[in-house]
Structure formats: structure tokens, C-alpha cells
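Novice: If you scroll down you'll find the structure; I have some questions about it.
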Amino acid sequence: MGLLLLLVGIGGGFGAMARFALTQATASISKQIPLGILLCNIIGSLIIGMMAAFLIETKLFNEDVSTYVRFLLVTGFLGGFTTFSSFSLDILNLLQRGEIFIAIGYIMVSVLASLIAVILGFYIVMGVYK
């Protein structure tokens, strides 16, 4: 339990730093749309799909190393990198500014693009191992 907690903490710290860096890097691109969080959630979905396929195809899914990889990268890094709470706050901010259609579009793009990314990531890696 202690090692897994440490792995989650290390992964989460790096994931949060990566999210911060991406949101800062994209802040000047769009003042209206929270592009950084949108990209974090899409990229995170792509990576989690790739990780799922990788763990299945490399047969690491049932081995001890799989547990460590999942806790470090999936629970830790991707947990710190992606964020539903920031996504929700971004939507609230858009609604409070009266930007209802932008908020609806942001919700639709976020959910659909993230779903497409997780499917794409999964099948990209599955294709590599076939």
C-alpha cells in the first residue's frame, strides 16, 4: 500500500505539473475557450486508451508490474493531468459570463473528442500488437 501511494503521488505530481505547463502555454491562444484543460482531457483520454491496450497486449495486465504501471501512470499521472473539476469550473465560468452556446460547444467537444481519443489510443496500440 505504501509503495502504491508513493507511485500515485509521484505520478500525480508530474501530471499536475504537465497540466499547469500546458494550460500556461495555451493561455494566450484563446481567452474565450479554456483550451488548456480541453487539451489535457483529450490527450489524457488518448493516453489512457493507449495504456489500456498496451497492458492487455503485452500481457502485463495480470502481472505485478501492471499494478505499478497503472498506479504510477493512470491513477497518478493521468489523474493529475486530466481534471473533471477544472472542466466543470470552466463551464460555470462560461455560463456566468453569459456564453451559453460556447459552454454547450465546449461540453460537446470535450466529451466527444475525449471519447474519440480514448478509442483511438486503444486501437492504435492494439494495431501495433496485431
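Even glycines carry a Cβ here, placed using N, Cα and C.
Remember, it's a predicted structure, so these values are computed and weren't measured experimentally.
Heads up, here are the entries from Swiss-Prot:
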- G79, T82: Na(+) binding site (BINDING)
- 2-22: transmembrane segment (TRANSMEM)
- 36-56: transmembrane segment (TRANSMEM)
- 71-91: transmembrane segment (TRANSMEM)
- 100-120: transmembrane segment (TRANSMEM)
Novice: Would you call the transmembrane segment (2-22) and the transmembrane segment (71-91) in contact, using three or more Cβ pairs under 8 Å, pairs 6 or more apart in sequence?
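Specialist: Yes, the transmembrane segment (2-22) and the transmembrane segment (71-91) are in contact.
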Novice: Please give me the CB contact count at 10 A for T82 (Na(+) binding site), counting all chains in the structure.
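Specialist: If we count other Cβ atoms within 10 Å of T82 (Na(+) binding site), we arrive at 21.
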Novice: Under 8 Å between C-beta atoms and at least six residues away from its ends: which parts of the chain pack against the transmembrane segment (71-91)?
Specialist: 4, 7-19, 34, 37-38, 40-41, 43-45, 47-48, 51, 103, 106-107, 110
Novice: Once the chains shown are all counted, how many other Cβ atoms turn up within 10 Å of the Cβ of G79 (Na(+) binding site)?
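Specialist: Summing over all protein chains shown, G79 (Na(+) binding site) has 17 other Cβ atoms within 10 Å.
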Novice: Helix, strand or coil: which one is T82 (Na(+) binding site) in, per DSSP?
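Specialist: Coil, per DSSP.
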